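Notes to accompany the following structure.
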Amino acid sequence: MAQDLQENRRSKRRGYWCLQDGGRIGWSAVLTLWVTWFTWDTLIKCLAIMLPTLTVQLQTRTWVLGWIVTMVDSCAEGMGTLAYPLSRCFSSGCILLVCGLMVGGGIIASSFVTSPIQLGIILLITASLGISVASNLTRKMIGANFSKQYVMANGWAQTGDSFALICIPPFTQLCLTTFGWRGNLQIIGAICLHLAACGVLLKRYEEPVDEGEPESLPLLPFARNPPDRTESKPLDELKSSNMKLLKNHLYWVTTLIAGGTHIAMCLWRIYFVPHAIVKGVAEQDAALVVTLVGTATLVLKILHGPIVDRDIMSSRTLLSITSLIATTGLIIDPWMNSYWQIVFCGIMVLPFQGISCNLSDVITKELLGANQLVNAFGCVGLKTAALRVAIGFAPECIDSIGRSGFTCAGYKD
């Protein structure tokens, strides 16, 4: 009787969110991750669109700015290892609040730069670090709070990049034409400050408790370590956790799955528009293709979650199917030359790579457990970022080697 009374009080205090799998905190984490993905893609798309303008205004070369954008994007994925020690010292809400201020403030500060070096340093220290820590921390919180609806919640959270893919390019072009590149960065920075507001939603929350546990237990400690770890230091815990991960063969399985999926998706998004233009598609038509592909990605990310959560299909089976479809699209791409063939190929690749990216997080939770998620995401992201930086130079190397080979063989074109 006392337990029923306690549960009724807890339900009234939590309200409608108690009826859902993740509760108020879980869905607040979903919103925060959505804003994080939206902020991430907004920054990268904004810099990519402004590349010709920045080349002229900062008096530098295109490859220099392209390398800076690649580094900002890669570090936004690879600097998340700091999320684990930070979460052992501070509350998640405070961390996310600071991350939001870093991202928005860093983008606004970058509007005052006078050289590409200043632009790269400011964005790496502020925006990349803030996005990376916020992404890993909220992904861990979603994994810890959701059980029955985890795939759906994570998929919905990742639709933020699809919204950015659809909305930000025309908005950035409008602001760039109206206010110039400095005004554009200030407006984008102000939009990205919404991530700080999401941190307020997660300032205080309760961990889902089991029977026999206290009613209120912080999922991530506020200003001290748990009672059984009061004397341990965050860096020592980080080293110990990293060693446990490196010795676990399941961690390397998840690294292979997540790393390959993320690298393929990111490189395809970078090179898709130039690749379509080389095939004869006009720039405006190529932008329309991106909008169509982004819309398809948005729809599929929303729909695939209930398929796994309701046990219609397992996450591993769906991952195999989506990976096969995306791989097939990459294989047949050289023979796809007309406009609608390129659209069809793009829909085969990017949306299904997005689903694979979500399912890689799901499989990471299944293999390693929710307690290891924040550190596992950070370590996987670090290795993926290093590979992305290295592989980013591969297209130019392949092009140069191929051009030299054809020249030696006697072909002029």
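Placement of Cβ uses the backbone N, Cα and C atoms for every residue, glycine included.
Range 250-271 is the one annotated as transmembrane segment, of 184-205, 250-271 (source: TrEMBL).
The transmembrane segment annotation in TrEMBL falls on one of the ranges 21-40, 161-180, 321-340, namely 21-40. Only residues 6 or more beyond the boundaries of the transmembrane segment (250-271), in the same chain, are considered here, and those with a CB under 8 A from a CB of the stretch are 70, 73, 77, 319, 323, 326, 330, 349-350, 353-354, 356-357, 360-361, 363-364, 367-368, 376, 379-380, 383-384, 387-388, 391-392, 395. For the transmembrane segment (119-138), same-chain residues at least 6 beyond its ends with a Cβ under 8 Å from one of its own Cβ atoms are 29, 32-33, 36-37, 39-40, 43, 54, 58, 65, 68, 71-72, 75-80, 82-83, 86-87, 92, 95-96, 98-103, 105-107, 109-110, 113, 157, 192, 195, 220, 374, 377-378, 381.
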